[in-house]
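Feature annotations, courtesy of Swiss-Prot:
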- Cys17, Cys53, Cys82: [4Fe-4S] cluster 1 binding site (BINDING)
- Cys150, Cys154, Cys157: [4Fe-4S] cluster 2 binding site (BINDING)
- 8-118: domain 'MTTase N-terminal' (DOMAIN)
- 136-373: domain 'Radical SAM core' (DOMAIN)
- 376-441: domain 'TRAM' (DOMAIN)
Amino acid sequence: MSNVTHQPKIGFVSLGCPKNLVDSERILTELRTEGYDVVPRYDDADMVIVNTCGFIDSAVQESLEAIGEALNENGKVIVTGCLGAKEDQIREVHPKVLEITGPHSYEQVLQHVHHYVPKPKHNPFLSLVPEQGVKLTPRHYAYLKISEGCNHRCTFCIIPSMRGDLVSRPIGDVLSEAKRLVDAGVKEILVISQDTSAYGVDVKHRTGFHNGEPVKTSMVSLCEQLSKLGVWTRLHYVYPYPHVDDVIPLMAEGKILPYLDIPLQHASPRILKLMKRPGSVDRQLARIKQWREICPELTLRSTFIVGFPGETEEDFQMLLDFLKEARLDRVGCFKYSPVEGAGANDLPAQVPEEVKEERWNRFMQLQQQISAERLQEKVGREILVIVDEVDEEGAIGRSMADAPEIDGAVYLNGETNVKPGDIVRVKVENADEYDLWGSRV
């Protein structure tokens, strides 16, 4: 007679941004440590957890559809994440959901799992959970979340109402996690938060400790410390505070990647004021010029919103003029979409959908031309590329100018003598508006 006990199985659906992905990784790590098995199929699972996004209406819809699918396919569902902060909205559509928690409610999620699917008896030494925890990214790169929440009150955003005000992680904890990731083979660390440049503001940049040494809780100190790990370090979601200037020399010295993801959102001072964003375009252009003088290899990524309430053709033209002058490398553009609970919903002069669409097309056409010209400048040069995947046709990787999922790729046709995570030198032979093609040197 077998004495093998049933190992409870959990299904998991993770939606939304990299910050949500990190939350999912933490929950999955705890579940695996406790002896739960994580399975990819609804019908194999004793229960399903759905980690939701609620940032914009399309994300809410996607989350509600994912919850519905999990209920139809499995029946036992726990919901967490940003949309979980709006329990009534979920219950109205899906009253049969077992439990709902808000974002970063790890302990509550685990308690609910224990209630419906009791913890197994298991030997923790047999769980085989890697020291760096369960990761949902490829082994060679990982997201490092340094804080939760945001102190800004941008009128298009409801993140603070879902994730709260800024709470910085202790710098010693952040650096210890980074060290574990590198020890496990990670070659690229992507620093994320709602507002990376505000790291430490909530604790008045107090001094923490790592390996017995004092370290200031600030973005610049964090970058200095991460540079000692000998891997690529990439900064995301950097609000344009003045002290961002202090990380540019670190990029010029090769300590962190010369890559800055800095969401500017618009270029019209009037629209920026309505958004409650910093609004001096001339000052921002001067900073970009100065950054490039200090670090000529700097890649600038940004995101913008067109069709924000009150945006006139004159405002939009200011945005196009800014693009022409700034010549940013990587740009994302969103058509403004009302989000339940956002202050911008109450603003007058909502822009018609057909006008949003027309402006978005003009924006993208201009930026694609700029991007193509910027990438064409790299043809004939040698660059470093981190390999993401390899098949019989060759390898696909990313340059220092390319973050995973959101930027371009470098195609190495016919190159099969590499593996994911390898960093190789490549001569660029061709380019379009997003991607590069080249051969290994």
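Just so it is clear, glycine is given a Cβ too, placed from its N, Cα and C backbone atoms.
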- Item | Pairwise CA distance, Cys82 ([4Fe-4S] cluster 1 binding site) versus Cys157 ([4Fe-4S] cluster 2 binding site), rounded so that it is a whole Å | 12
- Task: Count the Cβ atoms, other than its own, that fall within 10 Å of the Cβ of Cys82 ([4Fe-4S] cluster 1 binding site), considering every protein chain shown.
- Result: 28
- Find, for the listed binding-site residues Cys17, Cys150, Cys154, Cys157, the residue with the lowest Cβ contact count at a 10 Å cut-off, counting only other Cβ atoms. Cys17
- Query: What count of other C-beta atoms do you get within 10 angstroms of the C-beta of Cys53 ([4Fe-4S] cluster 1 binding site), across all chains shown?
  - Reply: 22
- Other residues with Cβ within 8 Å of the Cβ centroid of Cys17, Cys53, Cys82 at the [4Fe-4S] cluster 1 site? Leu15, Gly16, Lys19, Asn20, Thr52, Gly54, Phe55, Ala59, Gly81, Leu83, Pro103
- Task: Looking only at the domain 'Radical SAM core' (136-373), report the model's average pLDDT.
- Result: 92
- Note on the structure: Cys82 ([4Fe-4S] cluster 1 binding site), DSSP three-state class -> helix
